[in-house]
Every structure is written in structure tokens, then in C-alpha cells.
Amino acid sequence: MSEHNQDLRFLISDDVLNEDPMSTGRFAEEDRGSSDTEQLTDNKNDGEEPKETAVQAAFDGSDDVNRLEEPHNPVSSTANIGNFALLESSSAEVSDASCPATMPILVRQSPKTCSQPRTRKVKLSTLSLSSDPDPDINDPEFKARLEDSNQDDQDEELDLEMEEADSAGRESGEGNRDSEDEGLLADADLPIEVLLRRYGYPVPEGEGAVNGEPEQSESKGREQAAPTSTVSETLPSTKLSLAQPANQTDQSLTDTALPEPRVPEQLIISGKRQRRKKEIWTPDDSEPQHLVGKKRIKKVEIVEKVEADVHQNGDGLVIVEEETMGDEDNDDSKVGQEEEDGHEYDSEEEYDEDEDEEEEGAKEDNVDWDDRQDKEGDIGPRVRQPFLLRGTLRPYQQAGLEWLASLWSNNMNGILADEMGLGKTIQTIALLGHLACDKGVWGQHLIIVPTSVILNWEMEFKKFLPGMKVLTYYGNQKERKEKRVGWHTENTWQVCITSYQIVLADQHIFRRKNWCYMILDEAHNIKNFRSQRWQTLLGFKAQRRLLLTGTPLQNNLMELWSLLYFLMPGGIGADATAVVGFANHKEFMEWFSNPMDKAIETGDAMDEETLETVAKLHTLLRPFILRRLKSEVETQLPGKFEHVVYCRLSKRQRFLYDEFMSRASTHEALTTGGYLGVMNTLMQLRKVCNHPDLFEMRPVKTSFAMDNVARDFEPSDILIRKRLLAEEDERRIDALAIGFGVAHNEAMSGWVARARQTYDASDKLPYAASPLRRGKLSAPPPKDTRSVELWLKYRVWAEEEFSKRRWESIRATNRQRCGISPIYGSTFLSLLGNLPNFLLPQDVQSRREETFADFTPPAAKFITSLPERAKSLEDVIDRFAVIPPNAVARNLATYALPGLEPISHPALTDPAFDTLHRSSVKLQIAFPDASLLQYDCGKLQKLFEMLRDLKSEGHRVLIFTQMTRVLDILEMFLSHNGHRYLRLDGSTKIEDRQVLTERFNSDSRIFVFIASSRSGGVGINLTGADTVFFYDSDWNPSMDRQCMDRAHRIGQTREVHIYRFVSSHTVEENMLRKAEQKRLLDKMVIQEGGFNNDWWGRVGWKDMFGDVPGITDVSGVVEKSGEGIIDIQVEGTPVAEDVEVTRPRAGEERELARALAEVEDEEDAQAARMAQGEGELDLQEFEEGPKAVAKRVRVFEPENSGTPVTTEAGETGDVVEEYDDEPGSVEEYMLKWVEEDWDYFSPYRA
């Protein structure tokens, strides 16, 4: 064997160069496809040789194993040159001194990038010529993914068959002619020039032998080289694309010379390479090296080594040839190099053209990850879902995870800008789980979020990734100090969640740590690069940075520049994009911001230069921003369908609507009232459309109370007193004392009653029969006390009269008692109660009467009490006794007998005594019928019909409204129809919102959830419902969009139908048209790079309705009937929320704010203020310094709120001007508006 054979060395995988210096001395070789992976220990003196080796070569017959290790040096060790890495061979790599110590080695770079530094074992073996040939040369390329659970056993059987075949060949003396070792041994003695010409590569000029000895070519090792770290500067290189002519190819090394695979079709695994016994190399550790039906592609670049950081003692080059696969994705540099060289492969060795086109298309638009995943479905996802993650990611979320993992692998930062509701939080959590499970990177990570969603993030971590230790860093200074106990202890926590305010307050603490990942939620608020917050966060030490936002593109592109510079403070080098000097603020403004802002503000159509600028901007942003809309993933999310429901006004609504419009005050307000008058009119008309009770309540009718007419006549007192005092004897008789009761004498027998009447002796009493006297009655003696005789005479007469009246009273009482008789009598009732005794057979012994005492007598049911009679007539009273008299007067006896006091005996004040109270009250007060609540409103009539059908079909409903009083009416409506519901309004506490939403989502018995559109959107997820009703539209369309997203978001499994109620032929129909016009106008404004088209020059406000595609003129549909359901087109892109060109000027804003504050109800204004307060609580974290105090009271419409917050004049001492005096001419009108807006524009005059 020649000396060159002994000096032949093999290039070890580039993973050695990416080893962590802290992990020196620890080796591990992972093989996830097999359970019996071989491992080598650190003990170099261990004499035990592993059964199988990862890399085998034939040298001098020795079986020594060289285990090499090299620390990580991403700058000085490697350099990216297209698809190759230039490595420096040193004595640490190859211990044999016969090989040049400074021999540069050119290595082809694998498609994947090293994602995480790891310490790996490297095994180098030398075998004699008589050693066993490598059986891996016969491994087939797997075509399909194995789904059988016995995959390992089948692979083991296949390996055994291949080894037996090789052993049989060696015993026969033939050996394995296709072995890599055989080919290497045959080419070992040839010079490098001969090898290059033999395999079809041109020899570079001036390059020949190295140090007088020919260079050696490395064998096609079974360990595929891993990618190396990129360098910060591009190395100047001489790039030669070397093709392989067909006539010079060694046919013994082509795939056609390989034997037919012996593996059954069902055992083929796509994307994996079967190694040897119990060894399967998975895609996570190495790239597959063979494809069934694919030709091996040999491509070598020869590049001069000029890197200053790499120590170089010679000019030699070692060319390493590696195999690539047609099915695997190549990196961007490879595709670009092939396109630049213009190389075309021969028919036998070129890629499949269709697959190349798909790969290049995916690289040109890396945003469409779903399509790319579909094309790569044969090889499966490149990043597996972390095993610690609970639940299953959706396909587009899996694509987002792969994109985030690729950012980590490529040492890049990025912006995840998915639309709200697509799960940016869960994708971020999955990324951290992937780093922990697959990369061994457990943190520590820093997540900065708004204050209102800190607990939401913590709940999401506990729900989906409970294996992570999460620290929620918030509270006062003392609480935060307690939470910092063990701050620097390893594995105390892996993720720290805090807010923007706290991270600034404790920046000296956060700045000391070296964070693994720094993630900013709602990062679109960090857009002012001059702010202290932006500069503070920029100074934090973090390996990677990730921004989460739903609106990455704001009003101007300079805000986007702030985000991109935050990700890449050092600018973008030539290895990432063609734009050099990106970090230059001035140049970026000149290149992109100024042309785009000019095109948008002027409304002119974009010229070719501007469109080219937009294309360059898109090219710049694609590698760093991932943006998916719901319309793009609608195949994975349930569909969303919007409908407009036109409702007819009821008779009462139409009467009130027409009556209000015909008022003179209404005409005056519309003509001379300004904004305040117009807004007041609109609000009143909207109240009529929502429900007439909001405009005018149905009255509760009562009788007219008046004094009694008889009181005005003086003789009435005398006549009443004479009538009441006429029968003195009867008046003094107590009815109860004499037994004058209807039902009090039923215990008396009829025999006793008749006996009393027979033996009545009332006429036998004294003075019973008074003798008739003729003539005049003698006058009573005078009461004269002047003489004894006259006094005694008067006294005798008085005693006689008293005795006479006493006997008359006794006689009348006795006659009354003897004359009473029962209605039925005890004899009759006893006869009825004992009636069953007569029906008994003669041979049955008669039972005691006490036995039947427990039974109700049959006649008792005919005798009902007053409460029972009142209850039986309750339905009649409720239905018909509803008309009170027109007028009532007080009782005359109250005025006739002023000295009498009302009776207040406890027995009379008992509610059971007054059985006719309900009927008497209804005769006095007439309440509106409960059913009129529904029949007075056309919207409620339509809602009743739709809810009835939806409930029968098993749907669940959300009802949103702007007005709080409408929620009260909806509560009465739902209670009247028997629907179970929950209510959420602006007065609901933030901590109670989560409880209500979870109860609704978990309890399917709750049919309806009614909520105010201003109840706040933080933490509200109502995916339990699949139908959304907008009873009325909010002033701010963004509030309605948030309400839609509460049901149509992650977790929704059914299609969502959205119904918007509109009263036909009213002001609501015009408001809907204006909303559609604004939606289409906003759709044309900076949406996902849509700076295209010349709509800006030809679309106007009038043309947008009817002429613009997407708007249907529904006026003719509801012209005759006045009702119906119209389907509208769901917008494919979200409406821009912050657009300067659509915002009104300051004067209009102030007028609108004042008008809404005046005309809205106090409950609605309070709900709006609370919702605005929640928004301001988050926005305060992004405000920089105190605002300048204006000289006048400024009133602005806040973002995402229907009602603006008005400033009271008393707070600042200013006086808000009134607009009672209207200008008399156009000039005065213009001057008035200019004077009002002068203070607003004064800061911009300079």
C-alpha cells in the first residue's frame, strides 16, 4: 500500500465545528430511528471497539478508532461560499503528521442549517484491504413514509439480509464491487488532476499538486456534513460551476450500477436513510443521501482561501465531493448560485424540473408556508411538534412553527404578524417548547406584553406547555423584590413574563441577564425609535428577538423601519438581502418612505418607479415577516358568512319615526343645528329603529283622581248623618255577636234551628207591646235641678226610658239569634259524609265513623273559600279587567265622618283577607302587556323567528349592541320567550368577564350571550357560539370587527354566520352604505404591500356604492317588502384601523365628540369611557413623557371607541366655546372654523 493511501483522510461532519466550547470532551451520537444507538465514551484508553462505526474507510488494515473533537469557532473555522464551506484542516482534526496541517478542505454545505450547537462523537476508522466492505452502498432511497408500527423490526431484517449477501460475496472471493471503500482504494494512488478529469471536472489553472503530493479525494461518507455557521462578510472567491460530462462519468459510481433494492415496497421510508443493523439516520440528525430513481449530483466549487481569521500555511485545496438529494430543500444561496452560474445538468443527472420550480417559488415567497407544506407533504414536517406541548397545532400553525424554528437556525430575528385570532401566542409557546425539547435550549426567555394580558399569557403556558417554569413578574416594588429571590439560580424558571412599564422600571435588573429569546407582544406600539423605551429595550442582551403584532404596517413606513432596526441593529448584510445599509435611517426614508407616502397622500396613480420601489420593499420584508390572514387559511378555519337582515318597522315605530321627522324642531336642528343637531337627530332616529320604548315609553294608565262632587254641597253632611244615625237599635247590634255570619252556623243542626224559631219568646219581654196613644205624645219632663220635685220627676222618667231601651235591645238581639239557621246544617253534612256506610254489603262489619273522618266530604268541593275563588278567576281578571275608569273620587264617608278612624285590625290587614287586591289594582292601574315589547319592534319580531329556528337546529347565539338600554330590553325579551342567557356589559368587572365567557363556552344549555360592543375585547373568547347578531352597528366599525373575531377565531369548529339588523327605509340603511364605502376605501390603503393599482385616481365616494365590485345595491330588493336577508361579501383583508387619509380634520372630530357626548345615554357614555380607560391603560405603557398642555380644551375621538372622551372645562380652567351664534355668510363660516382649529395647527406652522 502506498504512502498516499495511509495519508488519506476523511472530512468529518461540520457539526464538529459547531460544537459548544463548554461541552468539550463530551461526545454523543444520536440515532432517533433506532433504539440501540451506539455511543462512545470519553475515555480514549477504552479498548472496546464498537460493533458498528459511522464512517469506515480502508487504509492500512488497522482497526484503530480516532475520536476527534474541535471547539466551536463559527468565524474563523468556516466561511460560506455558495453551497460550500471552506474548512481548515489542522493537527487537531487529523493526528497523522504526514498530511499537511494547513490543508484547506472544500466541503459542500447541506441544505439545512445547524439549529443548535451540540457535542457529537466523531469516529474515524481505518480498515485493511481485506476488511469487510461497507454495506451502506446498497441502501435504497426510501419513497414513502412507513406507517407500520413494526418499522424497526423490518429494518433490522433488511440489514441482516444485506449483511448476509455481503458475507456470501466475500466468501466467494468476489467482494462488493459497488462498495465505497473499493472505489476509494482504486482512486487512492491517482493524482488530483487525474481524479478531476476522470469525474468530469475541469482542472483550475495554476492548481496541481499540493506540496508536491497529489491531493486526496474523500469518499462519500455515510455521515453527511452538517451546515456551518454563516460569516458576517462575504469572502471574495473564484466560483467555477463544474459540470460532469456524461462521457467521462465513472459508470461504476452511478445509480444505474447499483443492485436492485431488496426491500419490499411497504418497507420504504420517505426522507430517511437506512444504515446498518438497528441504525436509521433520521432527518433531525442528517440529511438523506439517496433517492430512488434520482441521480447523484456532483458539484464542486474551488475557492481561494483568503479569510484572515483562518490560519493558513499553504495554498493547497482538498476537494470534498458530497451527494445532494433532489427532494430536499436547498438553501437560498444554492439556488442563487445555480442560477448565477447558468449550469444545466445532463439528462441523466439533473433534478426534476417541476420540483425545482416549486422550490424556487417557495423561496421567492416564503410567506406562503401552507402551500410549501403541501408540496413537502411527502417528507413530512421539518420540525416536529414538541412532545411537551399539549394539544395539536393546526397546519398553518405548524408552518409558523417551522418558520420560527428556521429563524433560530439561521441566527435571524423576525416578526410574526398573523391576523388576530390565528394563534400567535400558541405558535410562540410551541417555539419555546421546540427549543427545549429538540434543541435542549430551556431559556431563559423574556416575554414583554401589555399589562392587561399578563395573566392570559400565564394561563396559556399552564394550559399548553405546563412543563415550562413561568415567572409572572408584576406587582409593586416589594412584591417584585420577593419574586427576584433565586433570580440568578439556574432552572428556577425558564420564562419570565412582564409588562412594558415594569421592564422599564427594573431595566437595570433585566439588562444584566443574557436572554435566550426576547419576545415583544403587541410590538406595533413600539414604533417610535426616538423614545427611551425603544432605546432601552434595544440595549437588552438577547440571542434572538421576536416581535408579535397584528398590524405590522402602520401609517408610515418609518415606523416599520423602527421595528426592523430593532431586530437587526447592525443592519442587514449581503448574506441576508441585496439591500446594503438597511440600518441607515436617512437612506431608507429616501428609498421607500418618501415615494410611498407621496403616492398615498396625493392620491395619484403609482408610476413604474414607485411600483418598482414597492417590489424592492416586499423583497426586503419577506425573510423577516410572516403574515397570514384568515382568508388565506380559510380552508383550515371554519368559514365566515355575513348577512344583512332588513327589518320592517312596526306600526308604532313608523308612527314615531314619521312624527319625529315632521317636527319643526327636527327641521331646525338639521338646517341650523350644526353637528350637535345632526347627531342628536341621528341618535333619536336610531333609538326609534332599535325599539320605540327607547324613544318614548308606553304609558302606565291610571284613573284621574279627583275630589268627590257631593262634598261641595253642605246638606250632604246632614243627610248622611241622619241616615247613619236613624236606626239606633240596629246600629248598636254586633253582627258577629248575634251570629250573623254566612258560614258560621254550619255546625248547627236544622232541627235545633227550627226549634229556636218555634220557641222564640222575644215578644214576652217587657215593653214588647206598647199601648197606642191618642193625641199628642207627652213631652218629657224638663231637666230642672232648681227644685227637688222637678229633679225627681225627671229622674224617674229617665230611668224608665233607659230600661225601656235596654229591653228593646235585648228583644231585638234575641229575635235575631232565634231566627238564624244554617245553609246546609250538620245533619245534612253528616248524612253526606256517612253515605258510604249504606253501600257496604250486609255481611261486612260496619266500620267506625272515625274511619271516615280523614276523608273530605263530597259536598265540600262545592264550597270554595274566597282565596280559592280569586285564584280560579285569576286568568279572567288578567285578561279582561284591564280598563281602569277615567276618573275616581275618594270615599264620601271619609269627608262625612271626619272623626272616624280607619280600622287597622291585624286580621283585616292580612294579605289573605284582601283576596280581590289584584283585580282592584288592575282596575286602578293598567300596565302595558308583556307581549307588546316584542310586537312594538320590527327587529324583535324578526329576532324571535330566527332564534326559534336556530334553537331547533342546535345553534348558539351572540347578540351585540351598542346601547346599554337595548340590553335591558333584550333581557326582558329573552325572559318572556324562555331563553337562557348571560349578559356582559361595560359595568362588568374585568375579573368577571373570564368567568362568564368560560361558563358560556362550557355550558351548552345557555342559548344566548348578550353583550355590549363596548365591553372590552381583552380575554373574551366566545367560540361556543356559531351565530352572531348585530342588533345595531357601532359608530366605530373596528368595534364590530372585534366582536366578529370573538366567535370566529382559534377553537371554532363550526361555520360562523353573522347577521346585521338594519331597519329598511330608515337612517340605518344610509349608515350601512357609508360603512361599506369606508370599508372599500380602507381596503385600498397599505394592505399587505398592496400599494398597487390606480384606484387612487379613479375611485370616489359616489362611485364606491354600486359601481365598485363587492357592493350590491340592495335598495331595490327591499323596496316593496321592506324586509329580507342579503348576503354580503366577506372582506378578505382586515380593514386598516389607523389611516391618516380617512381621519376627519380636527374641527370635525371635536364636533363629533361633543355631539356624541351630548346625545348618548349616560349608561352608554359610561361604558365607552370604561372601554376607553382599558385601552388607555395599555397605551400608557407606550406613551413617552407628558403630553403638551394645549391652551384650549381639545376633544379627540380615541381609537377603538365609539364614544370619545371629552375633557371637562373645569379641569383646565378653560371655557368651551358654544356654537349658538351661527355665521351669517360663507366667509364668516370659514373664518370661524379656521379660528377654532388655529391652536391645533399651530405646532406645525414651524
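Yeah, the Cβs are placed from backbone N, Cα and C, and that goes for glycine too.
As stated in Swiss-Prot, the feature motif 'DEAH box' covers range 521-524 out of the listed 521-524, 701-704, 1073-1076, 1149-1152.
Least packed by the Cβ count within 10 Å, out of the binding-site residues Asp418, Glu419, is Glu419. Each of the binding-site residues Leu422, Gly423, Lys424 was scored by the number of other CB atoms within 10 A of its CB, and the lowest score belongs to Gly423. In this structure, Met420 (ATP binding site) belongs to neither helix nor strand by DSSP; it is coil. Neighbour count (other Cβ atoms within 10 Å of the Cβ, all protein chains): 19 for Thr425 (ATP binding site). Confidence for the motif 'DEAH box' (521-524), expressed as mean pLDDT, is 78. Around Met420 (ATP binding site), a 10 Å sphere centred on its CB holds 16 further CB atoms from the protein chains shown.
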